[in-house]
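According to TrEMBL, the protein carries these features:
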COMPBIAS  133-142  compositional bias 'Basic and acidic residues'
COMPBIAS  143-173  compositional bias 'Low complexity'
COMPBIAS  174-188  compositional bias 'Polar residues'
DOMAIN    185-251  domain 'DUF1899'
REGION    110-189  region 'Disordered'
REGION    383-402  region 'Disordered'
REPEAT    310-352  repeat 'WD'
REPEAT    353-394  repeat 'WD'
Amino acid sequence: QGENLLYCFEVAPTQPALTQVTQCRTEGSTRGLGAVPRLALDVMACEVLRVLQLTDTALVPVSYLVPRKSVQEFHEDLFPDCTGMLPATDAQGWWAGDSQQVGRVSLHPARRPTETFTSPIIAGTVPTNSGHTDTDTGHTDADQTSGYSSPSSLASPGSAATSLSASTGPSSGFASSPSQKSLQSILGPSSRFRHAQGRVLHRDLHLTNLRGLSLTTPGESDGFCANLQRVALPLLSAGGQIAVLELSKPGRLPDVAVPTIQNGAAVADLTWDPFDPRRLAVAGEDAKIRLWRIPEGGLQETLQEPEAVLQGHTEKIYSIRFHPTASDLLVSSSYDMTVRIWELSAGREVLCLQGHTDQIFSMAWSPDGKKLATVSKDGRIRLYEPRRSSQPQQEGPGPEGGRGARLVWVCGGDYLLVSGFDSRSERRILLYRAQALPEGPLSVLGLDVAPSTLLPFYDEDTSVVFLTGKGDTRVFLYEVTPEPPYFLECNSFTSNEPHKGFVFLPKTACEVREVEFA
């Protein structure tokens with residue numbers, strides 16, 4: 001009493017015995033509370049609980065609805081039969097040992113007995129003759145003596161919206177069914193990581209005063225790259241310059257020019273060697289891949305001579321990826337519609353993968369390093385085993401839209417998650433079984449309409465995938481599971497200004513004492 005918060009808990013006989021479902025802030029402070037009997041609930045709107053709150057000046061109904069796709073039909077799982085209005089025995093009978101229970105009645109509007117809860121205060125309930133019970137299910141009176149109507153607000157029977165207005169009730173209030181079903185069986189499974197919070201770290205850790213960044217890297221590239229020690233950023237200036245900044249020296253950069261790598265050709269994609277934090281591979285628009293070695297302690301002067309140059313592609317390169325388990329292995333895809341695998345120790349191409357008929361949007365090594373998956377503008381996903389054949393081992397249908405796509409291996413390398421577009425330019429994510437690409441996607445989830453391709457990053461420890469596009473402010477989080485419903489939504493993160501690029505650091509950068517996982 002005197003508070004303006006209303007908590008809703010689910011009670012279970014097992015631990016945890018109490019789980020908070022929702023809390024609702026009310027306008028006035030509470031002087032008294034009462035629950036409306038179940039027979040008066042608007043079952044067709046999936047209302048599972050209604051509380052009347054007494055304030056200093058008003059009686060306010062607070063309604064709890066369970067979100068359901070269909071509100072046309074009666075949901076048996078939410079509304080089991082409830083106790084009726086007729087006594088099971090009288091006083092003398094009880095003293096004599098009669099322990100009969102009150103008969104149960106259905107909450108289904110069509111199967112309601114005419115004897116029902118009535119009140120002159122609550123609109124929509126019509127008093128009926130209490131001695132008469134009509135259990136003929138095929139017949140409901142036109143004047144609604146069946147007691148089913150929407151007693152939605154105390155003041156005006158017509159305004160059905162008031163019980164769910166933002167002021168009186170939780171806009172997405174769920175409530176658990178009073179039957180023995182758990183909340184999970186009503187709402188479907190929810191992710192253990194749904195409360196993950198994205199947090200921008202303190203400004204002292206930011207690198208600021210970045211100047212002359214190139215924001216026009218191709219859609220197949222992440223735009224920049226980072227490892228535990230440093231970050232590489234393509235610059236706008238001529239000759240494909242790349243700034244290399246030390247993460248150990250955060251703060252404001254000087255106004256004078258910083259030392260750079262002179263790549264000699266515009267940058268198409270760039271990536272750090274996962275096993276050598278000082279080696280940077282850069283794919284140029286001149287169809288060459290250059291390998292650069294950063295001196296200990298970072299760039300002190302402009303680098304002009306690469307450690308090695310890889311030639312073989314006949315047209316501009318889309319993207320490059322290092323092998324996850326073997327050193328000195330790099331894969332590249334190009335406008336010449338080939339995917340080539342390079343051995344860096346020898347500085348030569350060792351295999352050219354065939355089979356693409358159009359632009360290659362994305363490629364990804366499986367976590368065990370055995371397979372390589374690609375997604376292409378021709379609407380196909382291809383899976384290669386490079387040690388066995390240069391032709392695809394299997395193919396399957398990819399996203400319909402030709403605006404761009406990305407793929408990432410999930411669930412221990414047994415599944416492929418593809419982000420792309422449908423034919424109406426809606427962004428969507430698709431999940432495939434890696435062993436059964438021709439069968440098509442197991443699940444497709446539409447997210448929103450936006451022009452940029454969603455870049456997926458997968459955290460294999462929690463099985464959470466992070467998705468965002470260049471120019472977006474929102475990062476979507478989903479837990480990916482190998483059984484339905486496959487995608488469990490978690491809290492999304494929204495930044496103050498649109499990102500131009502988005503990369504994740506290796507897991508060892510996480511502050512585990514703060515339970516930071518990405």
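Here the Cβ of each residue, glycine as well, is placed from N, Cα and C on the backbone.
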The repeat 'WD' (353-394), counted residue by residue under DSSP: helix, strand, coil: 0 helix, 18 strand, 24 coil
Kindly report the helix/strand/coil residue split of the repeat 'WD' (310-352) according to DSSP, in that order. 0 helix, 23 strand, 20 coil
Within the repeat 'WD' (310-352) only, compute the mean pLDDT. 94
